[in-house]
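Heads up: the structure comes next, in structure tokens.
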Amino acid sequence: MSLGSVPLKYKVTIDREQCMHCMRCINNCSYGVFHREDDRIIIDSRKCTACHHCISMCPRDAISLQERPVDYRSHPLWTAEAREDIINQARTGKIILAGMGNAKPYPVIFDRLVLDACQVTNPSIDPLREPMELRTYIGKKPPRLEIDKKDNGDIEMLTKLTPNLKLETPIMIGHMSYGAISLNAQLSLAKAVEKTGTFMGTGEGGLHEAIYPYQKNMIVQVASGRFGVDINYLERGAAIEIKIGQGAKPGIGGHLPGEKVCQDVSCTRMIPLGSDAISPAPHHDIYSIEDLAQLVRSLKEATEWKKPVFVKIAAVHNAAAIAAGIARSSADAVVIDGFRGGSGATPKVFRDNVGIPIEAAVASVDQKLKDQGIRNKISVIASGGIRNSADIAKSIALGADAVYIGTGALIAMGCRVCGQCYRGMCPWGIATQRQELVDRLDPEIESEHVANLIRSWTLELSELMGAAGINSIESLRSNRSRLRGYMLDEGTLDVLQVKPVGA
Amino acid sequence: MKKVEIDAKGMHYTPLNKMIREAVKNGAKEIILDNVIGQRFIADGLKGDVTIRINGVAGGDLGMFMNGPTCIVNGNCDHAPGNTMDGGTIVIHGSAGDAVAHSMRGGKLFVEKNIGYRGGIHMKQYEEDRRPALVVGGASHAFLGEYMAGGLIIVLGIGQENPVMDRGIGSGIHGGMIVIRGEVKDELLGVGARKMEFGEKELEMITPYVEEFCKHFDTEPSGLLDTNYTCIVPASTRPFAGKYTWE
Amino acid sequence: MCGIIGVIDRKRALMDGSSIRDALSLMNERGSGEGAGYAAYGIYPDFQDCYAIHVFFDNLVEPKSRVDHMLHKWGRIVHQEAIPTYEQDGLKRSHIPWRYFFKPYSDLMAGSTTPEDDVMKYIVMETNSNIQGALIFSSGKNMGVFKASGWPEDVANFYRIEDYKGYIWLAHNRYPTNTPGWWGGAHPFNLLDWAVVHNGEITSYGTNRRYVESNGYTCSMFTDTEVVAYLFDLLGRRHGLPEDVVVKALAPPFWDEIDNMPEKEQELNHAIRLTYGPALMNGPFAIVVATHEGIVGFTDRIKLRPLVIGENEDRLYISSEEAAIRVMDPEVQNIHMPRAGEPVIGRVIV
């Protein structure tokens, strides 16, 4: 017997009184939800992904969308999702592919941490009229400064600093490759980081010529597929990042489906046209920590030790010890990507079940590095599920030097987190290579939106710091006495080294 | 033609590479490195038209990201010579370790004797006229040409009864070709790889590579130019296309 | 909260403690009668080669035998006695102040360039974190801290501070918000030669604490001030930086100021901020730090707490209030206020 169809995920309706038959919804929906029969707009709700493009473009606010219009018999264990996944796999025998970050309702630790503010015993600082320093340097710091003070009072520095990236705000944009996202999307991000004095990652998609003008703000990624990596690429980047893992899919590689590998993507990634672009799970020249050190040093050697090298790992159980190994490798920064990190395409079972939250990972990494006396050897970048300036402040107070944002920047360009990135039909022109969709995204406009987001969060961060009586970001970093845990269990508080509220 | 000699005895790779770059910048066409013993990253990221003769054992990642130069090693190589190399030639008068020609995208790599595991892994080609090639005189271990996305691997098996006896040949291969002297058992092929008949057309294709190999190592090609080879190619350019269902 | 004062005689002429007691009492409005203390350098000339260890014992049985035991393991006790004290109506005796004059064995701390100091530091950290009922609150040579819960004059009279003669004095009048009534919470804080008095609150305490702890210090006093002593010990003694550079690390110029400096100065300040970011102290503070070599006073980068300087020939005074200086020395000259973050240094010249 047939399994039949499962209920609609979304139901789209048009308020026919409001509708003026402008047909914008038909043109806007790349999934084909709307079509025209005579004068009537017909709706096929089953195709809807809740991307909201039609809703956002409807001049009359005539379109409504309802999630899960059909109830299942309620059951706490056998949720609608559990049942539908089984039906899907019973039909196909395949791995379920999903988009965006972890969608399981785990508690969000950020939401159970509260920040401190000054009252009486020290004054708040007003960032409008008093200096407020968010400038952040990413890279190795010497363990101590050796100087020679001459008899005439002149000081000569004997310590030589290694190259650091200078950020005007501790917010960077993480790695989203050309291929996973469109060139216009990447261009918008590039313009935004240039405007705001920060950096972004290329992802493992090479560096398209159109991005060359922004190369001084780009962190070029070297991942297991080595896509787009040649000596010119390495030399163009402001820094180089070795991607070991990704929070959305720790322990596995990635596949860019062949249909997304168009001429331009093929040339930029330096891979054959129309073939799957396969990033294997491990780097095949890294099977152990000393091999990582070798890759770090090979990149440094190739670029004559002029570029900081980052290493990105997924936040897994043993992240702290792994980071300590990375700190000993000549790497300049370690990026910890928490289990809520985004992804264009990831097996659902990984997205929802593998890895640990960024809050715990950053806290334990910072502590482990301090315990071993090597915190100065490496900067720590927190990534994966950072939604607002408070998350940033909390990440830094837990020990991060800076953060990567990803999904947040995409939302600033229109993304509504529908999670269908892997289908390549993104109506917002972000996660697609279809020219007619890509053209919808104007880099001039969207770069301003992304820049605005970074500016807003930077402003809020200044205010939060000022309220806490802190005028320099260094003094927020790892300052866990300015955090309290609210309804967090003792074990978690212990890992975070944060006291409970009231203590 | 300007020739520069460097005694690498006891030298760390960073100053060594610095000297090499400096020499290339000053117009050297031939650089001789004596007493090389395990220095990694020789000619890493190096560009230009220069021949580097390496006397001794070259350390890991020889010629990584290299684009243009020729490296001739009189001795064995540690792992991953030609790693992510773009152009140029590496000639090894001896054997090499694991992951030889990892992700190599252009240029040619000749190994006189044997290579370790995962040789030619993820080699790839994206332009018609830039085909990376790995030619091995002796034998190879397991996972040869894994994830290969273009280019050519030839294992000549000189003096070997079975040049590849280990499993996983061409696992996940989705481009390019692996050519192995003699017969290869079916069970040694990895997922996504298939055998293809090796005929006159293929022989014609490999002939210049075999001839160049023989020229480098001063042997006679005639005994190698027949159709007694096994040719292994991708079953599909989309080996993982059928793996997933949408959420 | 709190009032501070410090004085140095640059030619090491000795001053008894009576005038600083009077000066500190003048600032009683800044305190609450729940803590005061004094530190003096040059007071133990007969034992000048020994570490003078001042301890608060809860009793002389269990905690003392454990401290004795540890000292015997690590060195030789040259002399020990109860610190002479005199009952005051306004002061409740909570501990027994004791002192040891101690010489550590120098061959016990492997790999240290300052083995005696490191033995002493180890003993302080060990005692204060692990021996209940014992708190070492002073551990320098030929110097000592005297502190308790109470008004400045009561604390001074409890120890008969006028009986001690030193060439550097620091004093502190406390207005506690945390651990009131705990003698250990009173200032000055001391480690080895470093003594610190502090007015204000360090908002970067969590950051600074984790930094010094990752360098082998243990914060056990429940207050932000002790990290200042450890930061000075780390940067000044172990990293060998001169005081003005230490102050630049703790209260550095702003980035926009650094950006406008001449190249060499810019390079130095840039390196200081990169290297010592976790040592930067934020929040309102005025601090005076002393060693045998001199005193240094400085404030936070935007001068959220007051600091006044006065001079009279070989004497340099640093205080929260000018009046306190004038009580000590009516003839004082050249009263002025230093710029924010700028160190005021008084160094001995003989």
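Each Cβ is built from the backbone N, Cα and C atoms, and glycine gets one as well.
Record note: TrEMBL gives A:C48, A:C51, A:C54 as [4Fe-4S] cluster 2-binding, and the candidate from A:C22, A:C29 in that site is A:C29. Following the DSSP three-state reduction, the secondary structure of A:C25 ([4Fe-4S] cluster 1 binding site) is helix. Note on proximity: of the binding-site residues A:C29, A:C48, A:C51, the one nearest A:C58 ([4Fe-4S] cluster 1 binding site) is A:C29, by Cα distance. Counting same-chain residues at least six beyond the ends of the domain '4Fe-4S ferredoxin-type' (A:10-38), those with a Cβ under 8 angstroms from any Cβ of the stretch are 44-45, 47-51, 53-54, 57-69, 425-427, 432, 434, 437. In this structure, the C-alpha atom of A:C22 ([4Fe-4S] cluster 1 binding site) lies 20 angstrom from that of A:C48 ([4Fe-4S] cluster 2 binding site). Across the domain '4Fe-4S ferredoxin-type' (A:39-68), DSSP classifies residues as 8 helix, 9 strand, 13 coil. Counting in whole angstrom, A:C25 ([4Fe-4S] cluster 1 binding site) lies 12 from A:C51 ([4Fe-4S] cluster 2 binding site) by their C-alpha atoms.
A:C54 ([4Fe-4S] cluster 2 binding site) sits 12 Å from A:C19 ([4Fe-4S] cluster 1 binding site), counting Cα to Cα. Within 8 Å of the centroid of the Cβ atoms of A:C19, A:C22, A:C25, A:C58, where the record puts [4Fe-4S] cluster 1, the same chain has further Cβ atoms from A:I14, A:M20, A:H21, A:M23, A:R24, A:I41, A:C54, A:M57, A:P59, A:R60, A:A62, A:I63.
When averaged over the domain '4Fe-4S ferredoxin-type' (A:10-38), pLDDT in the model lands at 96. Counting in whole angstrom, A:C48 ([4Fe-4S] cluster 2 binding site) lies 19 from A:C19 ([4Fe-4S] cluster 1 binding site) by their C-alpha atoms.
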